[in-house]
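S.K.: This is the feature table in TrEMBL:
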- Ala10, Ser11, Gly12, Lys13, Gly14, Thr15, Arg119, Ile128, Phe129, Lys191: ATP binding site (BINDING)
- Arg36, Gln88, Arg152, Arg163: AMP binding site (BINDING)
- 118-155: region 'LID' (REGION)
- 119-154: domain 'Adenylate kinase active site lid' (DOMAIN)
Amino acid sequence: MKILLIGPPASGKGTIGSLLSERLKIPVISVGKLLRSIDPRSPYYEGIKGSMDRGDLAPNNIVGKILEKRVQEKDCIRGFILDGWARQLSDLDFFNPGFDLVLLLKISAEISIRRIAGRRECKVDGSIFNIYSNPPKKPGICDLCGATLIQRDDDREEIVTKRLQNYEEKTVPSLDLFRKMGILTEVNGDKPPEDVFTDTVSALGIGND
């Protein structure tokens, strides 16, 4: 099964993708994580990092090549869950594996901004906190290892606002296409993660046991 996750920034795609991956026993592939982990020596590095830091979409011809290579790995034989693709219709010109299902997680712009602009990440162990909904015990300090928490460049509020504008302008046409194809399922992502996942498995008909 090939599943595509779509939604505004911070709609919970990473969380729901991980839970679906565990349930379905197929890998979740995050475009964002793939791009953030790209080797600085790569000829693609500067262009990709610059785009992400500005809140722009990374060049889809480059990302398409990276995804094409990733899905050829052995863990994708039974399928995969893709998070962060088809953010614009032209993406599908560079990588279109023929999705069986597209899951749209819907949240408000206000919640999206709050979730992202409030996010802080431990630069040592990768733990994630949110100064609004899940603050560390000591401001700016990781609860687990005591290291300094940082805000990613692309988590700044002005960048988040631009990402939301990109979503409305460029991603909505993709949703219209998937809706016409009859493969789009919509779930309310404003709820707590466990409730969103329950709604997701119910909507997808994959059982909840």
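From the backbone N, Cα and C atoms, a Cβ is placed for every residue, glycine too.
Whatever TrEMBL says is automated annotation, not expert-curated.
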S.K.: Report, in whole Å, the straight Cα-to-Cα distance of Arg163 (AMP binding site) from Gly12 (ATP binding site).
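M.R.: Between the alpha carbons of Gly12 (ATP binding site) and Arg163 (AMP binding site) there are 15 Å.
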S.K.: Quick one: pull the CA-CA distance for Arg119 (ATP binding site) versus Arg36 (AMP binding site), whole Å only.
M.R.: 16
S.K.: What's the CA-CA gap between Phe129 (ATP binding site) and Gln88 (AMP binding site) in angstrom, rounded?
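M.R.: Answer for this pair: 30 Å between alpha carbons.
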S.K.: Determine how many residues of the domain 'Adenylate kinase active site lid' (119-154) DSSP places in helix, in strand and in coil.
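M.R.: Final tally across the stretch: 2 helix, 12 strand, 22 coil.
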S.K.: What's the CA-CA gap between Arg152 (AMP binding site) and Ala10 (ATP binding site) in angstrom, rounded?
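M.R.: Their Cα atoms are separated by 14 Å.
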S.K.: If I take the alpha carbons of Arg36 (AMP binding site) and Ala10 (ATP binding site), what is the distance between them in whole Å?
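M.R.: The separation of the Cα atoms works out to 16 Å.
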S.K.: Within the chain of Gly14 (ATP binding site), which residues six or more apart in sequence place their C-beta under 8 angstroms from its C-beta?
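M.R.: Gly14 (ATP binding site) has long-range Cβ partners Val28, Ser30, Asp83.
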S.K.: Compute the C-alpha separation of Ala10 (ATP binding site) from Arg163 (AMP binding site), stating it in Å without decimals.
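M.R.: For Ala10 (ATP binding site) versus Arg163 (AMP binding site), the Cα atoms are 11 Å apart.
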S.K.: Under a criterion of Cβ-Cβ distance under 8 Å and sequence separation of at least 6, what residues of the same chain contact Arg163 (AMP binding site)?
M.R.: Pro9, Gly55, Asp154
S.K.: For the AMP binding residues given in the record (Arg36, Gln88, Arg152, Arg163), what is the largest pairwise C-alpha separation in angstrom?
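M.R.: Greatest Cα separation within the listed binding residues comes to 24 Å.
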S.K.: Among Ala10, Ser11, Gly12, Lys13, Gly14, Thr15, Arg119, Ile128, Phe129, Lys191, the annotated ATP contacts, find the widest CA pair distance and round it to a whole Å.
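M.R.: About 19 Å separates the two most distant Cα atoms.
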S.K.: Give me the mean pLDDT over the region 'LID' (118-155), rounded to a whole number.
M.R.: 94
S.K.: Highest Cβ count within 10 Å among the binding-site residues Arg36, Arg119, Arg152: which residue is it?
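M.R.: When each Cβ's neighbours within 10 Å are tallied, Arg119 tops the list.
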